[in-house]
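Now, the feature entries from Swiss-Prot:
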type	residues	note
BINDING	R67, Y207, K213, R333	substrate binding site
BINDING	K213, H232, 248-256, E297, R333, 449-450, T455	ATP binding site
BINDING	K213, H232, D269	Mn(2+) binding site
Amino acid sequence: MTVMEHKKAALLDLTQYGLTGVTDVLRNPSYEQLFEEETRPDLEGYERGVMTELGSVAVDTGIFTGRSPKDKYIVKDNTTKDTLWWSDQGKNDNKAITPAVWDDLRSLVTTQLSGKRLFVIDGFCGANPDTRLNVRIITEVAWQAHFVKNMFIRPTEAELENFEPDFVVMNGAKATNPNYEKHGLNSENFVAFNLTERVQIIGGTWYGGEMKKGMFAMMNYLLPLKGIASMHCSANVGEKGDVAVFFGLSGTGKTTLSTDPKRQLIGDDEHGWDDDGIFNFEGGCYAKTIRLSKEAEPDIYNAIRRDALLENVTVRSDSSIDFNDGSKTENTRVSYPIYHIDNIVKPVSKAGHAKKVIFLTADAFGVLPPVAKLTPEQTKYHFLSGFTAKLAGTERGITEPTPTFSAAFGAAFLTLHPTQYAEVLVKRMEAAGAEAYIVNTGWNGTGKRISIQDTRGIIDAILDGSIDQAKTKNIPVFNLEVPTSLPGVDASILDPRDTYTDPLQWDSKAEDLAQRFIKNFAQYTDNEEGKALVKAGPQL
């Protein structure tokens, strides 16, 4: 730390957050400092990072290898009681706690962080200065500071001078709540938000993604109320300035498909859409690494170098990484600053209005076509449905698909009612003349997953407009218009019925999946607008 940096850190008054007796503050340390801190030989347990042959540090996040939605809480008070989409109003994770319970949880975290040497990372959430959040993250764990330095937008020296946080995140991963039963909570772990105080607190879970997605949930509360779309999507832009956004749940291909050598990446996960166009919320990417190969995903593989941070991967004794090993979790990840990808929008991660909106789904039922163009009504229907499906493998190789319906392709992060996001998105799409497509990156009647080469060919056809020139035919039940051929794509997969030896198999699977869609969509039919959308969905 320079003398100047030391002075700046010393000027930070952490007592305003209830943190006392802090022995030292490292404010916005360099990557070099963080590397030294997180690989210190005296560190133990989950605090310790290990060096890998690719130059990046790998860490273990403990028993939590993903977010813990059952432990997510929001204070119900005058700020939130009438605006927030609460868990008793629909299928979501926004469980209410009282201000009194919040005070107890907050004091567990402040007690944990007091008297310690702390890392403070000040960063921005949102590339647009008018609507971004100034976020201050406080943690005692070096690699958690590294994670947020990667994931939030890094301020310049000048921007740090007068930095005043709009939101504070206190990560007390080592603190747990012994009184959770008395509080009526799910477990000793907690991720809680107070929108009046503008504070997030974390206890019991070490998973880095809680900090990133926590601020996403807050943007999802603040932006739509200003008429700005807040979206769980990746985005990129072509040479002619044509912007595409890719919505999708985890594992459907958002990061992979938006990282395209022919186009500049805007961002891989969280974006807003305002009067100027599409802008990234983040300063980094958070890519899945399970079964990562240099051949299939060279950009992501090459981004794993010094300053990237790997989570829960298997590191062999010779420092090499086994990306195929999912024994700890299938959700192995890497975070890296966005400039680790060569082809990005610079200097600010933003571009114009989107012309193409792509809904990614990984259908494990083998029913949906690899691509279909959506009508405006179908766009709303599929956005509110937010369907994907996972294959749950068992040791005997029996695989049953598990459907997931997640409103707006991100229900876990929504803080307002899903129809509010649909309304804002459709308004933005109409104003920009954008078109929507559904792209299935999942399985078909062959039992194999649609190849990444075919999916990339489909995306190319959407982006260059050749799909709009293609002849189409109608897929029954779901009433989807699909192309009969596309350049560079295996034509035999475009109608999913053709991938079955017996077409009746598709019929019975389609009926099963359609019933699931209809049952899920019933939650939106309590008003006229929702009822009117039913005919845009599957019909039996």
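Please read every residue number as a count from 1 along the shown chain.
Just so it is clear, glycine is given a Cβ too, placed from its N, Cα and C backbone atoms.
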C-alpha of Y207 (substrate binding site) to C-alpha of T256 (ATP binding site): distance in Å?
22
Within 10 Å of G248 (ATP binding site) (Cα-Cα), which of the binding-site residues R67, H232, D269, R333?
H232, D269
How would DSSP class R67 (substrate binding site) in three states?
coil
Write out, in the order they occur in the sequence, the residues of the chain not among R67, Y207, K213, R333 that have a C-beta within 8 Å of the mean position of the C-beta atoms of the recorded substrate site.
G66, G208, G209, E210, K212, Y286, N331
Other residues with Cβ within 8 Å of the Cβ centroid of K213, H232, D269 at the Mn(2+) site?
K212, F216, E270, G410, F413
Please give me the binding-site residues out of T256, R333, I450 that lie within 10 Å of H232 (Mn(2+) binding site), comparing Cα atoms only.
none
For T256 (ATP binding site), just give me the three-state DSSP call.
helix
In Å, rounded, how far does the Cα of T256 (ATP binding site) sit from the Cα of D269 (Mn(2+) binding site)?
11
Which of the binding-site residues listed here (R67, K213, D269) have a Cα atom within 10 Å of the Cα of K254 (ATP binding site)?
D269
Work through the binding-site residues one by one (S250, T252, D269, I450) and name whichever has its CA nearest to the CA of K213 (substrate binding site).
D269
At the level of the C-alpha atoms, what whole-angstrom distance separates D269 (Mn(2+) binding site) and R67 (substrate binding site)?
15
